[in-house]
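Let me begin by presenting the structure, written as structure tokens, before commenting on it.
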């Protein structure tokens, strides 16, 4: 049966969750060590300071700019500028970035390095390669940062006052060659003769007063209100300890009167003795629900406490402020003597407190010269750590708030990010840990992105971008709840884990369940609690918490696999009808549990579920053997027993006779109390039993029996319900006892029987007399002397009560030490019935103390031997109840003295683990358990016992010689002179290589010292699953902790061992791998300063095409990926069959080796298949082998002698080759000459117009500067999102601008509106069913009359309708796309895919790209496109434009080129706009312009700062010229227009004789005088009665039509003349092209340059295409290139380029459109891989851009290549991006109108859609056809109403 929709959704979400988690974090790697990181909160740009480098990265960590900052010649002692003559000690020195700060108001970046005494530079934030200020010759006043990289520098850029200048506050320690300044305030702008970075005033610095250097290490600087704060560590000398201090000063305090500092202490709650952490490592200030606070992480080095530790403390800033003010007040007004113990003067010594008036601190909030300053206090703030960790250090902290919940992200010393929730009550909870860069410390700069969605972390050489939450990866409410992520909660109505802001109804009660409140929607109770499977009724479910639901939420009940049905809701109770069908009851049960599922949104969202039992009374009677009535009446259901029919059935509400109701099982007829309870085997026994409640039982015919032993006997009835029967002789050999449950039948029906007896066998397991007499007396077993065995007493006539004497068969051990004290075990028979029977034991003449704990009846006695004075061998004697037993001669015990003589080896590691071999005599005395070996009281575990002893040493606290001691049975035996020496553990100094493939087998050379001490080495890998992967693999199979031991190694000497790396699990990224070298008992991590040993995934190889490689040259080539990631050329091996293939080259993707000259035999020869007798090609990397196919040598031989073959074959072949080469050379030379000739001509033409291009380009740039200023003033007129999508989606539709989707009008009578809208919303829900929508689309596309235009329109309507759920829209598009791709691949023409938009999905892709790239157009690519459009428009309008023929002098299009030379002159006219009070505006026009053209240019100039849609139309204004006192209205056509026969010429300014400098007045009219589209039907004033054939012209009058009688030859000449004219004017095309070239290049670079940020949608879709190509095994790069080209450049960019009005509020004239078409065609040519050879017949546009096309093609190739190399965009990131677009813009679209339009298609093809839905099983299950019918019923009058 098909899965329900919610289950499919769940599976999809599960896949999404896995893909979300499987992605690796985005990262950037630096070649040098990283120092600092800063993030621009507005642009998202990331700035990174490193050693010798600065980086400007995009938000996704792609490099935008890279600046080299070192190394340079310097010495810490020298003063810059560094000159060799002045600084002889200067050497090439690295530049460590000491300070990296942003100044967003100034759009600049502050960076200071360690070179040149720590001077700083200002750089542009937009481009860090632009240095705004740098001065290295100002001397000490410009030394800002420390020039010692070990001394930290912190800073803060702020303003001294709200409107004050920007300054830099700096805090740094005092390095050995620093200037001693600790705290300073620096200028950022020149002021009052001071340069940037000089001190703000002469007093704004504090210098160190200490003699020692580097006593301060600054941690952080921050601001709060009008104060600046510093956090730093200070090393006190007396006593020597570290203090963490917080310093504060006023921003606007040029003299530092306000400086005050105090201690900060962070208490460790886990260590009351050493209760405070010592050093602050990182600090961050954040505002959370509890207010603004300082969050600081502290560490403890662990030297005194046995290990490192760290804690997080919180210091609320209001408490900081209170404490500082209290300290100030105490110093100002307190006693002087008392203040000396608390207060001090930082940097200078003692301070004089006291003597000031009360209130001085309030009167002088920023201190004063007469008050003590600077002020330090040892009385500071103390906080208890809200989080503490042992074993590691916390190295970074940043804090944020989500819905007033405080979240801290903490970096650790082992390369992880801890996610911690800080509760309002002061407690904390770590809810996640992200392994960022294992065993690499997280650096202090931990930053959040501006939108708080990402976290940037930095290690030694990498920057990582991590999501702050992964809510969408938790696919169930339980997973969401268990994550405990404060960002996440379960969005009930959407059935997914989201942030609160992403849940549409989060503010409604019960709709967003916060993860930390640990609640999910659950069914807490059901009434009734169970139901008979044969009953019908309602089930009332108590649901908590039940979200508030509306009628539209459609709550459904689903019982098991039954169809869902609507549920009713009453308060917090959901009422469901019982299902019509119930699964069968499982065998052995009386009920079946059926899952009740509550679903929302037509079954697409799972709410909760509950197991509900349906019971079956017919099965209840057979649950207990032989007790049908009791089983029925005693179960937990309401079943009852029918005495008449002997059946179990459901209870009836009415009283009935002959019924035993539920829980009245005592009333059942039954038989019980058998006597006797035990029955001997092989003996007939009389059994009596009782009856009860037998009134309805016919006791006259009763039978008793057992199905197990297959017997049945008649029952005899006695008085008082007593019965009896006689058993036959029963036997069963398998056991001592056998429980029997006897049945009782009456007329074939079972009566309840509790007759349980036990059948027993006396002989079983009782082989001797003692064992027999020890049996349970109830069995009445006796030892029968005559039979010599144990039997039932009635079966024996010769019973004895006494047993024979004991028999001893063997002892263990057979030897013992003279000191005794060991246990001896005596085995035999008749050794007594109980322990008390054993009276005395003698071993070798010595008493042996009985040990009752080891006694076993009759078979075993254990005793402890006593000491013996001398060695002796003797027997064993046992006294059992006065009967003596003696051991036979071969069972003897020997007293002997063990004597150890020597031990090997004599030394081993301190960690232990050495196996010692002890030699001596009689060492095998006793048993292994009796021997104990110690080394200086440290146990040596005995592993081997015999003539030699072996033991494994334990760990010793210190190295040295120790004595070996051996104990036997507690007594020490002498071992004179035997000692063992513990040596220091071996040490690993280096290893190489640093990595291995997961399959292992790589030789790892480990060097160090002390290896000769070791006996056994092993390379051990501990694979600990990462927490995130544990959750990820919960469905696919949990990951377990794995420990792998590699025992293969070669020992060389004391300093070198070579290991073979062991194989580890195949997913190394899923585990935290710890690699150790185990040396006996010592384990050392395989980690040195060079790095940590790591595993990488195995390489992949491509198999040979067809499985066989033809060997035609000397090398075999194999392809793959990651081949050299953990393998070198020297290590790699390859084989051809049984022989080696000599390795020649190994790169990341290629392997070359030289095979044997003669074909070797295969490794595994096949007998029958001759093809398989070819040798295999095998690649071996370490332990793993890859068989890539077989190698076929060319083994053909000829009987013809070689001396004949060479002349006969070679001579003709050489002749043919020579002739062919000559012919080919001639043809190539001819084509090359033609190509070079054309190219030369083109270059010559370009050269001839180059000077003109330069001049015109310069003029254009000057004029475009005004345009640019207008753009900056008014902004680029980008359309709003709705208008943009309307134009992109619907302009191609047949109704154009009048399309109802654009107008947004839906005319519905008010009386019908609620019904219609409700139905449309239901239709929207139906569209959100994937099954319905796919069927809907397939059905429409199968209709013949569903044209390509209709598909385009339908897809656009669908885009608008689903815009609110773009993630779902994308899923639908992907599904349809996979189907489309399958069709093309099956048809073997994949290159044709996406060439047009002939399917719905192709248009959906166009719309999807348009949606996803809108913001990119708006932010990035829009400006160069707009400037290109304006440049073309400006250049076209500089020359004549024929208003009738739409041709221009300056154009890129040869068909739109104005052929004739037209005389014209530029004019500048003054224009006054009437009634607007604007001064006269100069406007440039041409004297050949028509009046309409003049109007357009005037409007363009006057209203240039307004969007085009706000401009007046040319036909709505009147142009008036006032040459003198008179006024003349100018128009295109009037009575003065020039006439020539049938032709009338349009008036121009020249016609009216308007001169340069003339004044024109523009005024508006009420009624349009001329239609707007007059350009198409130019001023046709056709008065049929006066002139039938009036024709108009402007600049060039068309020639009369050629007579029909003209010959074809004449026509050919005309064509040639036209072509000649075009070529003549080609220079003009080149001139325009050269003028516009920069704008064209800028646009191409903005779209195709890899340096620009690529929209995530492009990366996402291109990766999708790559994946599908790989899936379908499409290796042809041309095909993939075509797919990408058709999906983005040709589908989107060409469309936007040809139609700028789609994105901008502009009007595109035909002459501008013609030039745009040429550029668009060039863009299209650049995207094709086909090479176009130029000839004289080539189109002029291809000739125009012949030189540039190769550059553009490379840009496209590089663009595609760059995208492929980008970090993958995960499904989660894409869905988040799409969700943001949905939220931002959906409300502005005409969704309701789109739904109505879509419904028209449903109405048109109603029957076909219904049939399709009814034939689809999934649609049937969800009742989609029925739901559509309901919607159609609601909308049936809609068409007529509309």
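Quick reminder: no glycine exception, Cβ is built from N, Cα and C everywhere.
Database features, via Swiss-Prot:
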DOMAIN    806-895  domain 'IPT/TIG 1'
CARBOHYD  127  N-linked glycosylation site
CARBOHYD  242  N-linked glycosylation site
CARBOHYD  393  N-linked glycosylation site
CARBOHYD  451  N-linked glycosylation site
CARBOHYD  798  N-linked glycosylation site
CARBOHYD  919  N-linked glycosylation site
CARBOHYD  1053  N-linked glycosylation site
CARBOHYD  1072  N-linked glycosylation site
SIGNAL    1-19  signal peptide
TOPO_DOM  20-1201  topological domain 'Extracellular'
TRANSMEM  1202-1222  transmembrane segment
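Within the set of glycosylation sites 127, 242, 393, 451, 919, the entry lying nearest in space to residue 1072 (N-linked glycosylation site) is 393 (CA atoms). DSSP assigns residue 393 (N-linked glycosylation site) to coil in the three-state reduction, placing it in neither a helix nor a strand. Cβ environment of residue 451 (N-linked glycosylation site): 44 lie under 8 Å away, each six or more residues apart in the same chain. Candidate glycosylation sites: 127, 393, 919, 1053. Nearest to residue 798 (N-linked glycosylation site) by Cα distance: 919. Across the fold, the C-alpha of residue 1053 (N-linked glycosylation site) and the C-alpha of residue 919 (N-linked glycosylation site) stand 27 Å from each other. Of all the glycosylation sites listed (393, 1053), 393 sits in the most crowded Cβ setting, with the most other Cβ atoms within 10 Å. Ranking the glycosylation sites 127, 393, 919 by the distance of their Cα atoms from the Cα of residue 242 (N-linked glycosylation site) places 393 first. The least crowded of the glycosylation sites 798, 1072, judged by other CB atoms within 10 A of its own CB, is 798.
Model confidence over the domain 'IPT/TIG 1' (806-895) stands at 91, taken as the mean pLDDT rounded to a whole number. Rounded to a whole value, the Cα-Cα separation of residue 393 (N-linked glycosylation site) and residue 127 (N-linked glycosylation site) is 37 Å. If you take the Cα of residue 919 (N-linked glycosylation site) and the Cα of residue 127 (N-linked glycosylation site), they are about 79 angstrom apart, rounded to a whole number. A 10 Å cutoff on Cβ-Cβ distances gives residue 127 (N-linked glycosylation site) a total of 12 other Cβ atoms nearby, all chains included. Here the domain 'IPT/TIG 1' (806-895) has, by DSSP, the following mix of helix, strand and coil residues: 6 helix, 49 strand, 35 coil. When Cβ atoms from all protein chains are considered, those within 10 Å of residue 919 (N-linked glycosylation site) total 14, not counting its own.
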